[in-house]
Amino acid sequence: MKIKRILNHNAIVVKDQNEEKILLGAGIAFNKKKNDIVDPSKIEKTFIRKDTPDYKQFEEILETLPEDHIQISEQIISHAEKELNIKINERIHVAFSDHLSFAIERLSNGMVIKNPLLNEIKVLYPKEFQIGLWARALIKDKLGIHIPDDEIGNIAMHIHTARNNAGDMTQTLDITTMIRDIIEIIEIQLSINIVEDTISYERLVTHLRFAIQHIKAGESIYELDAEMIDIIKEKFKDAFLCALSIGTFVKKEYGFEFPEKELCYIAMHIQRFYQRSVAR
């Protein structure tokens, strides 16, 4: 394979059997120039180059971002694929590299990164969050920069989105933000404080994610007969009224509708928090 274009010391474009490829590898372009032969032992990652905006953006990132940021980003992606035992959506190489480099730049300049969805992310995406913790140690070792938990949450979101082959983070953010909004409604309407580091909190967040994903997919997940629905409405009156408020809010803000039986299950989760708050 001959080098067609050098993007940086660790990235080149080659032509191989009528296909253009982007090759990544530490020092793959060191002391090389156009038309030189590629050293196969230097190749760490190969991408078939396609004439799409994603690949044009990828090349632009490889040419413009700091090379150590790109190397760290690729190490994190490789670690994620190994830990999750999957092949991650290739779009992550653009979005994540760009995000991580900007985050490192902000932290280097003493700026504070805040993530209002951090607690939900820890519960919803625990494996991805562990990968973020691994990334923190790597970045500290390579750059001497400490990555706060808030940014680890952002890393986890990128990994989760790419893991599920989503085109962007919109759906992941929508679900996580919706859950954060629901929890705030419960706290405000019932005048209670939901402690995040508890089993009940984890159950509620996990249940909401599961329900939202299945309802969005048009799948029925629970069966409750009319008698049981009436019992829940009567026995857990305040909790059910809170669930109704949640349903109204979510429909208005997200265009998403919880069926009545799902609101009953949400009411049962709410009741746990409400009972504990009243008992104190």
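Residue 1 is the first one shown; counting continues down the chain.
Backbone N, Cα and C define each Cβ position, glycine as well.
If you compare His9, His269 in Swiss-Prot, the phosphohistidine annotation sits on His269. According to Swiss-Prot, the feature region 'RNA-binding' maps to residues 1-55, out of the candidate ranges 1-55, 56-110. DSSP states for the domain 'PRD 2' (170-280), grouped as helix (H, G, I), strand (E, B) and coil, give 87 helix, 0 strand, 24 coil. Around the Cβ of His99 (phosphohistidine), the same chain contributes Asn154, His158, each under 8 angstroms and 6 or more positions distant in sequence. The Cβ neighbour count for His207 (phosphohistidine), using a 10 Å radius over every protein chain in view, is 17.
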